[in-house]
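Trainee: There's a structure below that I have some questions on.
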């Protein structure tokens, strides 16, 4: 098995020495890139794009041609699992995801399909295999899924929302039904991530975008317990190498210790948490990823560089930090500002501790 030419991202996730802080960007493949917008015109809708392996592979590679990033993330969408379960999913250009048959009763949950993941979502695994070949071991490839709670939010609400009131009300009105839905999603997510690893993903990540909407008790019951189940059952070793697992709960800083104890290797932070304080809270249990406010990328290179250095200083010396945004990059972000961010992180964080490819010896 050939080793990666640049493995500092994996080394940082495992809290091993690195020569500098690795950097990648959530939604680094996407609408802020003119070449992506041109590529997107080849198909009539977003899900058709995701389901075309050659296009998904090309979109994954595009940001690496512009910026010296330390990881690639496969181009896909978190709603691929609900789509495979038979919900009537439509991605509206100005609205976002719309599910025309929302799941709001025991009967609705029972009607959901439990497909063979490797067949129903084969397009994603084909895209991963194409991307792994194209990357030629240059950087690690991240696979991902949405958390069961976040997927259930869209499936029950029927569309995106700032509050997901329908989903949250169901937790109180029909808790058993909601748990049944979450368990189905968890079972499929485990199979989905394992199939991504089998196809060639080096790291996997779970996006719990809406976990921060919950009370502490409900977060544990309806989100974190299922994340912990996934952590326990996802493949964590392949060909003698560890497959790191990242959990990201937006607005989850108040539960940082609990997330760190859930079985993941790294915790993603949004911009509302001080990363230096977060490091002191978790100690050496997990690595941390984040956590620049995406809004600052709409300012200017000087402000971006200052803010990036502030985060690096707050984290302090040593490994265990992956630089990223605190959420996905905004589509209106100027490309030159992304370049300024990557350059600032790389220039400030050089540590010269060990050769970067020693993990794969």
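Quick reminder: no glycine exception, Cβ is built from N, Cα and C everywhere.
Worth saying up front: this structure is predicted, and the values here are computed from it rather than measured.
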Trainee: Of the residues 209, 215, 273, only one is listed by Swiss-Prot in the substrate site with 27, 28, 29, 30, 31, 77, 154, 327. Which is it?
Mentor: 209
Trainee: These are the binding-site residues: 27, 31, 327. Which one scores highest on other Cβ atoms within 10 Å?
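Mentor: Counting Cβ neighbours within 10 Å, the top one is 327.
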Trainee: In DSSP terms, helix, strand or coil for residue 154 (substrate binding site)?
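Mentor: The three-state answer is helix.
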Trainee: What count of other C-beta atoms do you get within 10 angstroms of the C-beta of residue 154 (substrate binding site), across all chains shown?
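Mentor: Its Cβ has 27 other Cβ atoms within 10 Å.
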